[in-house]
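Here is what TrEMBL records for this protein:
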BINDING   R191, G192, G193, R194, T309, S521, R582  CoA binding site
BINDING   G385, E386, P387, D409, T410, W411, W412, Q413, T414, D498, R513, R524  ATP binding site
BINDING   V535, H537, V540  Mg(2+) binding site
DOMAIN    24-81  domain 'Acetyl-coenzyme A synthetase N-terminal'
DOMAIN    83-467  domain 'AMP-dependent synthetase/ligase'
DOMAIN    529-607  domain 'AMP-binding enzyme C-terminal'
MOD_RES   K607  N6-acetyllysine
Amino acid sequence: MSEPQIFPVPQDWARRAYADENAYRKMYEASIDNPEGFWREHGQRIDWIKPYTKVKNVSYDKGDLHIRWFEDGTLNASANCIDRHLAHRADKVAIIWEGDEPTDDKKITYRELHEEVCKFANVLKAQGIKKGDRVTIYMPMIPEAAYAMLACARIGAVHSVVFGGFSPDSLAGRIEDCASNCVITADEGVRGGRKIPLKANTDKALEKCPDVKSVIVVKRTGGDVAMKDGRDVWYEEAKAKVGADCPPEEMNAEDPLFILYTSGSTGKPKGVMHTTGGYMVYTSMTHHYVFDYHDDDVYWCTADVGWVTGHSYILYGPLANGATTLMFEGVPTYPSPSRSWEVCDKHGVNIFYTAPTALRALMREGEGPVKKTSRKSLRLLGSVGEPINPEAWLWYYNVVGEGRCPIVDTWWQTETGGILISPLPGATALKPGSATLPFFGIKPVLVDNEGKELEGATQGNLCIADSWPGQMRTVYGDHQRFIDTYFSQFPGKYFTGDGCRRDEDGYYWITGRVDDVLNVSGHRMGTAEVESALVAHAKVAEAAVVGYPHDIKGQGIYAYVTLNVGEEPSEELRKELVQWVRSEIGPIASPDLIQWAPGLPKTRSGKIMRRILRKIAENDFSNLGDTSTLADPGVVNDLIDNRQNKS
Ligand code: PRX
């Protein structure tokens, strides 16, 4: 492999940033040598109602696994995001909302945010929602989505945001799993000029969820929707009946703040549960150092609030820091592929944080749509969600940033709550494609498949040796699943599910998932979920799903499908199955390629050999390994002959 190019820290960045190389090293060492002392100090960066005296109480021992931070402190997350800024920043813009249409935008100050959130909280109370109740939020990217989340936090209700692209079935499963009895939605969402029938989807989902007692509907498009008497209320009408004063509920540091469902290698999506104190400390601190946020900066994270990136880095982290955070309803290619950069120019965005898949899609359009915009406000660029290939990194750096903006490639997960491995812009020399070095308090370790820790420049399974405040606390309602998933394969460590290489400089290079989880356009997808959707179709006998390299999406979904006896493959059926998966899970799970497989390669004990299926999908037959143990070795040749990815 050729030596990667190194981009040193620009002088002006080293001078102005919160941490230069020296400061990073010192703080990192302190955080590892004395985590208790380090976090005792930095826990104070947020406001506590009752200060903590205890800092860390963690055991990764399977028999008694618990993770507690600041456990005797009390606070309120929404007060940290809003109330504490009212004394000095009441008139500062908290949220810039940019609508789907370029003519549609809005600015919300901290004072206005306070009033909106208090009113939303009072609407929730009027619906009978109390501390500890679970509230499902199924919303487009409009300010009310942020108000709704912060309103839950204000009264101590636990929000579970479900991405607006999920199907009614997926929504129903997530409502049922956490027994939530209230849903907040909108009549319709709008993205890229197209409408998304959120209320109609909710109605369909609720046919399966009779326990939902109230549905609060925000008007976005004014489209025609059905309202069920006694269950559904229009937000605007309910809001007119409540006051603008709602004192924040005093919450324990370890009270749940939210649940967010994410895919694993087996079974249904898991309800990742985050609590209040540690999460707020960690997201605000990472936002401060990784994005080097200063008071006048305009910061834009392009994620959707339906994903963890939206929770931690559109909402909680930036607002805890009193930032101006931009929330975008649309897509980067509407009405033209210049949109992202036009939005940067329009609002003077200084810090821009997006996913490699978006960059690859824009790269395909060439430099023209970028170059016709100024982008002179941009100072720092960020990447998240999947490995960024060096070509996309260099395009981002040279074309978008014109060689003057460092790129922070931030590695983290829904489970980690915040960024764990990332450059700090004033401290870390960059290598395109590497997430570089761990954040304060993070101790990455690479282990082989037997769990042996590997030293020096090496490659292995990425684990984290110790806890950090933003770590998830449990799988909602299933603590055993939490233990089994993250702490069993390599006892005593948190296992991330990612493979990783460490180079001679100690830099980390994430190589992708080592389990049966796909990363499609930065969205996490369990192969098992797509398979179970496929076999739920009446004509399908069996299905096996794997990932394959995809130019834009990073990974595409490749499905091998065995039909029931008597069913004939056809183009029509192929389309029907794609549509079927879209409606069962959501458009993000659409298979890219479907191969009809009269048989799947199985061991004699009946286990599908995914390794072989992955190779065929990758169009790589050089190293299929030993196929002689297969029950019917002939199926492999048939699959190779009829492969769909012949590029
Ligand atoms: O495989 C890693 C990849 O995304 C996974 C986490 O997905 P999710 O929980 O949906 O959270 C995404 C946003 C934080 C990881 O296990 N991943 C995320 N960021 C990076 C990454 N892979 C490489 N480089 C990254 N910067």
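Every residue gets a Cβ built from N, Cα and C, even glycine.
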Next item on the list: List the Cα distance (Å, whole number) between G385 (ATP binding site) and R582 (CoA binding site).
Entry: 22
Notebook entry, point to check: By CA distance, which of the recorded positions (R194, R513, R582, K607) lies nearest to V540 (Mg(2+) binding site)?
Noted result: R582
Check: Where ligand 1 binds, which of the recorded positions G192, P387, W412, T414, R513, K607 are close by, with Cβ under 6 Å?
Finding: P387, W412, T414, R513
Item checked: Protein Cβ atoms within 10 Å of V540 (Mg(2+) binding site), excluding its own -> 20
Next item on the list: Find the one among the binding-site residues W412, T414, V535 whose C-alpha lies closest to that of R191 (CoA binding site).
Entry: T414
Next item on the list: Taking the Cβ of R582 (CoA binding site) as the reference point, list residues of the same chain whose Cβ is under 8 angstroms away and which are at least six residues distant in sequence.
Entry: S167, A589, S590
Item checked: Arithmetic mean of per-residue pLDDT over the domain 'AMP-dependent synthetase/ligase' (83-467) -> 97
Checklist line | All-chain count of other Cβ atoms within 10 Å of T410 (ATP binding site) | finding: 24
Margin query: Neighbour count, 10 Å Cβ-Cβ cut-off, for K607 (N6-acetyllysine): what number do you get?
Written below: 10
Next item on the list: Determine, using Cα-Cα distances only, which of these binding-site residues is closest to P387 (ATP binding site): G192, R194, T309, V535.
Entry: T309
Check: Taking just the CA atoms, what is the gap between T309 (CoA binding site) and H537 (Mg(2+) binding site) in Å?
Finding: 33
Check: For R513 (ATP binding site), which of the binding-site residues G192, R194, S521 has the nearest Cα in space?
Finding: S521
Item checked: T414 (ATP binding site): tally of other CB atoms within 10 A of its CB -> 19
Notebook entry, point to check: Can you count the other CB atoms that lie within 10 A of the CB of R513 (ATP binding site)?
Noted result: 18
Next item on the list: Sorry to bug you, but what's the C-alpha spacing from S521 (CoA binding site) to T414 (ATP binding site), rounded to the closest Å?
Entry: 16
Check: Restricting the comparison to the binding-site residues G193, R194, V535, which residue's C-alpha is spatially nearest the C-alpha of K607 (N6-acetyllysine)?
Finding: V535
